[in-house]
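Here's what TrEMBL has on this protein:
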- 14-27: compositional bias 'Acidic residues' (COMPBIAS)
- 62-160: domain 'PPIase FKBP-type' (DOMAIN)
- 188-279: domain 'PPIase FKBP-type' (DOMAIN)
- 307-399: domain 'PPIase FKBP-type' (DOMAIN)
- 1-37: region 'Disordered' (REGION)
- 499-532: repeat 'TPR' (REPEAT)
Amino acid sequence: MVQFSKVNIKDFVEADDDEEEPGEEVESAPPLKVGEEREIGSKGLRKRLVKSGVGWETPQFGDEVTIHYVGTLCEDGSIFASTRTKNEPVTLKLGHEIYGFSVGRLGNIVGGLDHGIITMKRGEIASFMLQPELAYGVSGTTGVPSNSIVQFEVELLSWITVVDICKDGGIIKKILESGEQIGPPGDLDEVCVSYKAMLGDGTIVAETPEEGMEFYVEDGHFCPALTKALKTMKRGERVSLVVQPQYAFGQKGHSSNNELPVIPPDSILSIFVKLLSLKPVIDVTGDLKVKKKVLKEGEGTVTANDGATVTIRYTAMLEDGTVFERKGFGDEQPLQFITDEEQVIAGLDRAVSTMKKHELSLITISPEYGFGNTEVKMEFSLVQPSSTILYEVEMLDFIREKAPWEMSTPERIEAATRKKEEGNQLFKIGKYQRAAKKYEKAVDYVSQDEPYTDGDEKIIKPLTISCWSNGAACCLKLNNFREAIDLCSKILNEESCNVKALYRRAQAYMGIAELLLAELDIKKALEVDPQNREMKLMQMNLKQLQAEKNKQDATLYRAMFSSKSEDACIAEKRLKISNDEEDTSMLDESTAGMIVETDKYSC
């Protein structure tokens with residue numbers, strides 16, 4: 001492998017006036033057609049396309065490219081360098097520093113060429129013309145006179161992508177075989193990896209079986225570099241790693257045991273790694289208490305959603321593998337239910353809502369989303385209190401609940417009315433959180449940017465206001481005072497004298513001790529309905545709260561002023577003592593003077 005000679009990358013940057021503003025998007029130039037020519041940069045590097053390449057990817061600085069080239073003088077067309085003569089392509093490392101290329105030169109290859117190579121696709125042939133300052137300058141080289149304009153015809157055969165994973169040279173990754181568009185894995189994911197690790201002298205220090213080794217990424221394996229590299233890989237990708245000691249076994253090395261041989265201190269390792277497979281693990285609830293590991297990918301991209309009718313089959317187990325329930329196997333019918341309706345335990349409900357058709361997943365459910373602290377007798381076994389449980393679930397089919405944009409206006413109004421009624425039933429039995437979600441969904445169905453007809457508006461506006469009002473009532477039951485205030489404010493923006501909204505907002509203001517705002521809402525409501533008994537009772541409660549608050553404030557102020565008075569007294573006493581000491585000091589000096597004078601005349 002060879003490296004390009006040193007060339008200042010600043011030479012390729014346009015003048016400051018032409019630089020794009022930060023964040024500005026500049027449309028790239030259209031692809032060259034065969035025979036077309038274009039200048040690259042502003043220092044005289046020109047490219048002419050001889051043969052189109054395949055795909056869309058191009059190499060980057062730092063990559064190792066394998067090329068054929070023929071170098072000729074533009075003046076007379078004479079060849080001064082060629083790999084075609086012996087049919088031996090060369091491998092070059094493209095310069096990758098921000099302000100200069102890596103130093104080095106092989107034969108007659110020049111560093112100014114790499115800005116052309118990074119525009120090429122695999123299999124492409126292009127001709128590059130370089131001015132002297134980008135080529136051999138005043139010194140020239142064998143077969144190239146001083147200040148010569150030269151031309152290189154280059155064929156890009158292949159390249160190996162090189163990545164500095166930690167940006168400090170500690171782990172250098174070369175991609176030997178590209179992977180699929182699946183990955184990279186996250187910390188929670190389970191991976192199956194095959195690898196072989198060697199010392200600099202070729203001694204193998206670790207090697208997996210051909211079928212690989214399974215582990216969770218967050219648990220780590222072998223050495224820190226392996227985990228860091230895996231987080232950059234796709235499924236099926238094969239790479240080689242050069243790992244510095246700080247990401248391997250450091251200054252201590254590793255003593256021999258049953259798993260690993262001796263690894264000397266400060267050893268640099270070479271590791272060949274292939275990511276055979278990965279099973280994504282999803283934190284369904286955001287608190288790691290319901291996790292879904294995908295064992296088999298489902299079809300397409302659409303998942304079940306809240307309100308979907310799902311059909312699943314599953315095997316439910318304890319952590320030790322004991323099966324306590326099974327549905328959908330043999331003569332047993334699969335389970336069908338509607339998500340977000342509390343028809344199954346919360347953890348299963350939430351996880352199934354994220355599944356695609358024919359997906360197979362293992363769901364791990366903590367007690368909070370399972371059976372809690374109660375003992376439950378199931379089909380095949382008891383589930384003890386506070387048990388973590390596992391469900392291996394296959395999504396056989398689902399019918400998603402229609403989204404608002406998929407419905408006509410009458411369908412939206414019907415769906416919103418139905419959701420409101422469902423919310424009312426839930427409110428009556430104390431399911432306030434679920435009721436609030438129903439009211440919110442009802443409003444979503446009839447919310448849209450386009451105006452409704454007058455007839456529809458007469459139905460939709462009171463329906464929306466009713467759902468906001470009922471949602472505020474749920475929030476008050478749940479002590480979610482801020483949300484209650486927001487919902488009531490929405491109503492009052494539409495109907496400024498809505499007594500129920502004023503009443504509930506006043507309640508919410510009292511809940512967060514905003515007594516003056518509560519008083520304003522109560523006064524306004526009584527102006528609208530002077531005989532409203534509930535508002536009068538609330539007004540009495542408010543006066544009591546204000547009296548109690550006034551007492552607390554008075555006590556607090558007394559304590560504050562008492563403290564200040566004590567401080568003032570102490571300060572006054574200190575000042576008096578200080579003054580007395582000063583007077584005494586002056587008296588002493590005066591007396592001393594008098595004594596001196598007396599002594600003076602006593603002779």
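Placed from the backbone N, Cα and C atoms, the Cβ positions cover glycine too.
Please treat TrEMBL annotations as automatic predictions, because they have not gone through curation.
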Cβ-Cβ under 8 Å with the repeat 'TPR' (499-532): same-chain residues at least 6 beyond its ends: 468-469, 472-473, 475-476, 479, 481-482, 484-485, 488-489, 491-492, 538-539, 541-542, 545-546, 549
Integer average pLDDT (0 to 100) for the domain 'PPIase FKBP-type' (188-279): 93
DSSP-assigned states of the repeat 'TPR' (499-532) in counts, ordered helix, strand, coil: 27 helix, 0 strand, 7 coil
Tally of residues which DSSP labels helix, strand or coil - the domain 'PPIase FKBP-type' (188-279): 13 helix, 36 strand, 43 coil
For the domain 'PPIase FKBP-type' (307-399), the number of residues DSSP places in helix, strand and coil: 10 helix, 42 strand, 41 coil
